[in-house]
């Protein structure tokens, strides 16, 4: 997945327009497959709907797309870019210094967005495959829902299985396919609208408001739970800002919006003209002439796969950002593409696959899945509204205007949340359970890191310069390695983790020519790659602070190679010639990376709550990437040392010597 060139971020191009269609609009663009079907089924079927119901439903869809997608996301949220990156975690990095509690909406929003990513592929692919029921030559096969489920699971298995290889080649087809899809939505919807041209009156919000309070509406205000399905992809639109640029979204959204609205109008007109067609039909596929149905099902399936791919890739990006912000466990990641935007996280991939397939097997039909869909994303949108309000205040927007915006969208999205909450007992509990589980994991990881940073002891490195220099020249000890490198996330100025000095001095003393202490600091900018060096007035101690953006790979060995070369060229680091080497001109000696594997001991004297957090974090850590993989050290010389997380002085346990009393004979 490519990232837009920063110089053209606000510009639009023909190529960018097509790319945006393939990346940004998959979710929102496939909503016509199931939204109208959900509305009609909740009303009692096609035979139960009236003209006022159809006009009101389409009106509510149009104004939901306008208020939430167009105004909130396209016009407001897209301005909240973190160095041209969007999404809830990018937004959080912009405002997190304003108040500590903003971590709460960030974690909740990220978790619910991730849980939504597990449901979207299930709904979209199942809806598309169910279209085969109206293909005359295949009806005898796919009228049996078990065959629909089998085909859906097969497509999902292929989709998740190819993630490890990246989408570089086939990804180039996504844009053109989605252009054809949206063109089809618009044209077919427009042509179907001639069956009942009155549907275009739905642009008047009066019909939507009238339906909400009309006795004809069997669901009352809870109809908004189905209406919301039309705009679930709005959050993904913001998340993909960095991939296509603001300019291309601004230009492509009107085209997409018109195509989607025409599709809803066409379906509505067909329903009013065919009220005796049968209650089990999906209006989207039923409104297509039979000779084109097979072609449309294939196109819809491709669009559903592209939408699912966008959600899966978005989930990888979301988790990757959370890991670098230290609010998510560091799972093993690979980069199958040629550019930094393509990330593959095996644990997340197969977690999503397991959840998605379980949802298909549990709910069986797209209609039942729709009953669970939308609840999680309403929570994400509410959390985005909170963070967005703080961003606008930070940018100097008048607090009164920000308050009005927050109240307006808070009430609007709150109503959608309440309308969707009724879905909880009809399947919504599944995504809520997933979201709560993710929130639990993120909270444990975040709190655990805070506990460690609060208790772990730091030492002043200046106090040990003499010992390190003496060790370098102590002939009683053999040379351990020319360069010894310690990676640490706890280095503040000259203060360094006690475990590191314990490893060098108190265990088998590690004699080296140069001691390196490398600390990685993740910046709020996504693509920073800078470093700072402090040699503390010596030529044998090198403190390195690596400043890497939250989207950058933390491949330390490759960055260190560049730093060493620059230090040698500047003369700050003495040359380290090798006697034996395939490179006679080599100026650098051998390197040994020391990775400290910190283990929590249950014997530590912590409060019960803190003990529980640390025990849970230790359990989760078994599933995470090793530091060797995380820091890209697979092909380097590495020693892993297991050290305890020492929160208090390690005192001996009380014990007394047993003395045997001996008696002597008279």
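Just so it is clear, glycine is given a Cβ too, placed from its N, Cα and C backbone atoms.
Feature annotation from Swiss-Prot assigns transmembrane segment to 16-36 (among others); the stated evidence is sequence analysis.
Feature annotation from Swiss-Prot assigns transmembrane segment to 58-78 (among others); the stated evidence is sequence analysis.
Feature annotation from Swiss-Prot assigns transmembrane segment to 99-119 (among others); the stated evidence is sequence analysis. Residues of the same chain lying 6 or more positions beyond the ends of the transmembrane segment (99-119) and with a Cβ under 8 Å from any Cβ of it are 88-89, 91-92, 232, 235, 239, 311-312, 314-315, 318-319, 322, 327, 351-352, 355-356, 359, 369, 372-373, 376-377, 379-380, 382-384, 386-387, 390, 430-432, 434-436, 438-439, 442-443, 446.
The annotation transmembrane segment is assigned in Swiss-Prot to 141-161 (among others).
Residues or ranges marked as transmembrane segment in Swiss-Prot: 167-187 (among others).
Per Swiss-Prot, transmembrane segment is recorded for 221-241 (among others), and the stated evidence type is sequence analysis. Cβ atoms under 8 Å from those of the transmembrane segment (221-241) belong to residues 23-29, 31, 34-35, 38-39, 42, 57, 60-61, 64-65, 68-69, 72-74, 77-78, 81, 84-88, 113, 116, 120, 211-212, 249, 253, 260, 264, 307, 310-311, 314, 317-318, 370, 373-374, 377-378, 380-381, 384, 415-416, 418-420, 422-423 of the same chain, restricted to positions at least 6 beyond its ends.
Annotation source Swiss-Prot lists transmembrane segment at 253-273 (among others), citing sequence analysis.
If you look up Swiss-Prot, you'll see 292-312 (among others) marked as transmembrane segment, on the strength of sequence analysis.
Same-chain neighbours of the transmembrane segment (343-363): 117-119, 121-122, 126, 149, 152-153, 156-157, 160, 163-164, 166, 312, 315-317, 319-320, 331-336, 369, 371-372, 427, 430, 434, 623, counting only residues six or more beyond its ends whose CB sits under 8 Å from a CB of the stretch. Taken from Swiss-Prot, the feature transmembrane segment applies to 343-363 (among others), supported by sequence analysis.
Within the chain carrying the transmembrane segment (373-393), a Cβ under 8 angstroms from the stretch's Cβ atoms is held by residues 68, 72, 76-77, 80, 88, 91-92, 94-95, 98-99, 102, 105-106, 108-109, 112-113, 115-116, 119-120, 123, 225, 228-229, 232, 234-235, 238, 399, 401-403, 405-406, 409-410, 413-414, 416-417, 420-421, 423-424, 428, 431-432, 434-435, all 6 or more beyond its ends. Residues or ranges marked as transmembrane segment by Swiss-Prot: 373-393 (among others).
Sequence annotations record features per position, and here Swiss-Prot assigns transmembrane segment to 402-422 (among others).
Beyond the transmembrane segment (424-444), the same-chain residues lying 6 or more positions past its ends with a Cβ under 8 Å from any Cβ of the stretch are 107-108, 110-112, 114-116, 118-119, 322, 327-329, 355, 359, 362-363, 368-369, 371-372, 375-376, 379, 613, 616-617, 620. Positions annotated as transmembrane segment by Swiss-Prot: 424-444 (among others).
Tertiary proximity for the transmembrane segment (167-187) is limited to same-chain residues at least six positions away from its ends with a CB under 8 Å from its CB atoms, namely 1, 18-23, 25-26, 29, 32, 255-256, 258-260, 262-263, 296, 299-300, 302-303, 306, 309, 313, 336-338, 342. Ranked by number of Cβ pairs under 8 Å to the transmembrane segment (16-36), the listed stretches 58-78, 141-161, 292-312, 402-422 are led by 292-312. Counting residues 6+ beyond its ends, the transmembrane segment (292-312) has Cβ neighbours under 8 Å at 22-24, 26-27, 29-30, 33, 116-117, 120-121, 124-125, 127-129, 131-132, 134-138, 155-156, 159-160, 163, 167, 174, 177-178, 180-181, 184, 233, 236, 240, 284-285, 349, 352 in the same chain.
Within its own chain, the transmembrane segment (141-161) is flanked in space by residues 121-122, 125-126, 129-130, 132-133, 135, 301, 305, 308-309, 312, 349-350, 352-353, 356-357, 360-361, 364-365, which lie at least six positions past its ends and keep a Cβ under 8 Å from the stretch. Sequence-remote contacts of a segment are chain residues at least 6 beyond its ends whose Cβ falls under 8 Å from one of its Cβ atoms, and for the transmembrane segment (253-273) they are 17, 21, 25, 28-29, 31-32, 35-36, 40, 46, 49, 51, 54-55, 57-58, 61-62, 65, 69-70, 74, 182-183, 185-197, 199-200, 202, 230, 237, 283-284, 286-287.
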